[in-house]
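Annotated in TrEMBL:
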BINDING   GLU74, ASP117, LEU119, ASP120, ASP247  Mg(2+) binding site
Amino acid sequence: SMASPALLMRVVASAYSVAEKAATIVRNVMSAGDLGIVEKAGPNDLQTKADRLVQMSICASLARKFPKVTIIGEEELPTDDVTEDLIEDGHCEEILKKPCPAQYTGIKEEELVIWVDPLDGTKEYTEGLLDHVTVLIGIAYGGKAIAGVINQPYYNYEAGAKAVLGRTIWGVLGMGAFGFQLTEAPAGKHIVVTTRSHSSALVNECIAALNPDHVIRVGGAGNKIIQLIEGKASAYVFASPGCKKWDTCAPEAILHAVGGKITDICGNSFQYNKEVKHMNSAGVLATLRNYDYYASRIPNAVKESLVP
């Protein structure tokens, strides 16, 4: 008889469907026209009705299926009043059919931590830069990001009225990543992707030191990792605090699953156990290839001003 799928594959298969439900909520809030914007810490730290509804949907849906998993979401919200229409019970059959990498077959629910960013790129969402927006569900074990789902609710939105909107990218360490075409950035070109709305003297000093051929400024950590894996940028550089664990967990798993690398600006790995502080206070350095080239060019003055 077929053994039942390993827990990790069941969680990823559910997260895939939960992310697709989330994307529908994001699009519905936008098309209804009332974003319900709330400032959290200031004009660059926004929360919308979509952030709130999506987080409730993701967390409640996954908690119902996997009650012993720790789930940490960006927004501080009450969990009790989630209406049934926000619950997604489905899963992706295709993911369940894939064999779980051997090192993860024995994982128990209480050993997993799921990091959720319900709407990465909220500011861009409110400004209509819809391709910047992602929904991030990252799965960690032993403090490491081992699997992730990135949904782009508005992927293809400029392709006309008949285009199918949205896509879901997913990956597991030791298995690979799916839902996109892995592409390397042009050889010999140094294209840096960085923050759009959280710039600073330090951010710019660090980028200048890399002497890039081109700098792309876009919102969202999920979006920036997609730029790397689709060959539009060769490095993601953010020399500033502000990025959080829910921003990097899913993207890290997908990037690592295809042989890329992400650390803080000082070269330290991120930790994703449930006790860890939420802020990635020493910024982000990520590449699909040639990590050492960029890491070796980060100025010491930048590293010294960003203490992990």
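Heads up, the Cβ atoms here are built off N, Cα and C, so glycines get one too.
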Number of Cβ atoms other than its own within 10 Å, given for ASP120 (Mg(2+) binding site): 27
Listed in sequence order, residues not in GLU74, ASP117, LEU119, ASP120, ASP247 with Cβ within 8 Å of the centre of the Mg(2+) site Cβ atoms: ASP51, VAL116, PRO118, GLY121, THR122, THR134, VAL135, LEU136, GLY220, ALA221, GLY222, LYS244, TRP246
Among GLU74, ASP117, ASP247, which are binding-site residues, the residue with the most C-beta atoms within 10 angstroms of its C-beta: ASP117
Which same-chain residues, if any, lie at least 6 apart from LEU119 (Mg(2+) binding site) yet have Cβ under 8 Å of it: VAL26, THR48, ALA50, ASP51, VAL54, TYR125, VAL133, VAL135
